[in-house]
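Asks: Quick one: this structure, given as structure tokens, is what I'll be asking you about.
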């Protein structure tokens, strides 16, 4: 009734009460809100001093705040993903990326016999570091932009341009620095191995690295940004597709550029000795320009200052994997064709998981806070058991199971594709397949478990995992992948009558 409604309104200057739906004849105030039949409603009743003296007169202002179920359904961030939707969205880009890695493996199997690679053996040490840059830079870019897209920060043309331009200049700056340092590390490791360093080979290595990482980062950065924008418009979670697509052309592009540039510079030795030093100086002088542009962009300024540690650390870890590859290629020639595949599959799958966990944390809480429950033990949230990580009921455990289910069929497709393209000369015995799959499963399972702990640990310490987690995880995947592959080949060499795939 009017009198009871007015009495309730006079109890407080600002009285908030929910409006319940009823079939009774509506009062004036309920008639005001009856137009919204399917919405959750909250009525804010504002009364004045005059209301208190009006003996039950209806309040002056009735404000209805509503949260529409329809609006919630239209919000992309609220879409609930199922096992099937995750599997479909991840597996197709995963296959595309996998075939890109197969091509990269076949290319590596061929170019290892080129004169420049046989003469400048440090190039083999450099390969994992350059291929790992897709994890250090392009996959990190994909994770960072996917989070921003899911948060709605790339929905306008102005936001989109600022985000893309700033990030492209940032990865150019990072690629040049990391490419230069990676070549220096390769020269040092090669010098330790051979007890000598040739200056013209060092120039060739450094110049080839700089041109490769710069051009590859530009092309892959543009492709990654385009994939994320397209995914957003198609209502596909970019976390599921961006990182594999970013890697799909990464290996083959980097290897093709490296072999091409290195061959040109190798042919110029003795005739155009100024070419390699000129390239090196030009790229080093361009670093301040890219850094200045990235610094002026609010979206990349923080990464420019704080994003170097994971990139440098990842480069060092990948270089260790390159040293192992250099030793193993000399002993097992057939190992080279499988190296991009096992490293790439592990890196792609863990990058998807890392990107999804990071986005979920950005949506649910602020940096540095893991749970809203003040009594919760945050160490328990971070350091989960393997059983909880793989068999739990959380959304991240569900994604882990989906990603693990892709390892065996994915590797079987890629390995038999390699065997088919090479004309069956890789000697794929059932024992090799079993040992290879054991190595691949061990690699991916380890990476997915470490990813959960690492990302939550970083979040607790106010380190944005979008900028830091993927470089560490993909470089660990490179080192773990080549190490397990080397163990597999050594095991097969010992137990299978010295018959390993491609060993000649």
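FYI, residue positions are counted from 1 along the chain as it appears here.
Heads up, the Cβ atoms here are built off N, Cα and C, so glycines get one too.
Because the structure is a prediction, the values reported are computed rather than measured.
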Asks: Of the residue ranges 364-386, 433-455, which one carries the transmembrane segment annotation in TrEMBL?
Replies: 433-455
Asks: Looking at 40-62, 63-85, 86-108, I want to know which stretch TrEMBL calls transmembrane segment.
Replies: 86-108
Asks: Looking only at the domain 'SLC41A/MgtE integral membrane' (339-487), what are its DSSP counts of helix, strand and coil residues?
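Replies: For that range the per-state counts are 117 helix, 0 strand, 32 coil.
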Asks: Going along the chain, which residues at least six beyond the ends of the transmembrane segment (86-108) come within the CB cut-off of under 8 Å?
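Replies: Residues 127, 131, 236-237, 240-241, 244-245, 247-252, 254-256, 259, 336-341, 344-345, 348-349, 352, 398-399, 402-403, 405-406, 410, 413-414, 417-418, 421-422.
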Asks: For the transmembrane segment (241-262), give me same-chain residues lying six or more residues beyond its boundaries with a C-beta closer than 8 angstroms to one of its C-beta atoms, as numbers and ranges.
Replies: 89-90, 92-94, 96-97, 99-101, 103-104, 107-108, 111, 114, 116-117, 120, 123, 126-127, 130-131, 133-135, 138-139, 141-143, 145-146, 204, 207-209, 211-213, 215-216, 219-220, 223-224, 227-228, 231, 340, 344, 347-348, 351-352, 355, 470
